[in-house]
Amino acid sequence: MSNFAGDETAPFFGFLGAAAALVFSCMGAAYGTAKSGVGVASMGVMRPELVMKSIVPVVMAGVLGIYGLIIAVIISTGINPKTKSYYLFDGYAHLSSGLACGLAGLSAGMAIGIVGDAGVRANAQQPKLFVGMILILIFAEALALYGLIVGIILSSRAGQSRAE
């Protein structure tokens, strides 16, 4: 028998949410960085003067991992069953928070990678496409921000299942 009030399996789901947030968002960041980085390298052969201007998708993809880190830290600081009760509701709230942020980051990373790869290659041939590429990348990044916001809201719901 455990020595804390609450459910014994609840912290498992909470930590699973923290891991999901970090793992999935970093997978999206890695995919976006790799895919758009290949496009930058390919474009750099044709137009080396545009390389620094074309690393915007790589930077935007890298930011996605930070969103997952933020949610993972918020979740993990909320899990302390020794000081206060941690119930299944809390674990599920943290799991859903991590999945919302992580899967949104994964999908945004895929979008940034594909758009960034095609965008920097097209920018080498037609510089007028740069603004359009940046706008599309911003909308893809907004997907991850939506996941971050929903993740923060869901993780703040943990602890509201009871009156203490």
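Yeah, the Cβs are placed from backbone N, Cα and C, and that goes for glycine too.
Annotation comment: Swiss-Prot describes 1-9, 76-94, 155-164 as topological domain 'Lumenal', evidence class sequence analysis. The feature transmembrane segment is assigned by Swiss-Prot to 10-32, 55-75, 95-116, 129-154, with sequence analysis given as support. Positions annotated as topological domain 'Cytoplasmic' by Swiss-Prot: 33-54, 117-128. The feature site 'Essential for proton translocation' is assigned by Swiss-Prot to E141.
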Folded-back contacts onto the transmembrane segment (55-75), same chain, C-beta under 8 angstroms, at least six residues removed: 14-15, 17-19, 21-26, 28-33, 36-37, 39-40, 94, 97-98, 101-102, 105, 108-109, 112-113, 115-117, 119-120, 133-134, 137, 140-141, 144-145, 147-148, 151-152, 155
Chain-internal residues, separated by at least six, CB under 8 A from E141 (site 'Essential for proton translocation'): M60, V63, L64, A108, I112
Sequence-remote partners of the transmembrane segment (129-154) [C-beta within less than 8 Å, at least six residues beyond its ends]: 21, 25, 28, 53, 56-57, 60, 63-64, 67, 70-71, 74, 93-94, 96-98, 100-105, 107-109, 111-112, 115-116, 119-120, 122-123
Tertiary contacts of the topological domain 'Cytoplasmic' (117-128), as residues 6+ beyond its ends and Cβ separation under 8 Å: 35-36, 38-40, 42-43, 46-47, 50, 53-54, 57, 136-137
Reported mean pLDDT - the topological domain 'Cytoplasmic' (33-54): 91
Distal contacts, the topological domain 'Cytoplasmic' (33-54) - CB-CB under 8 A, six or more residues away: 61-62, 112-114, 116-121, 123-124, 127, 130
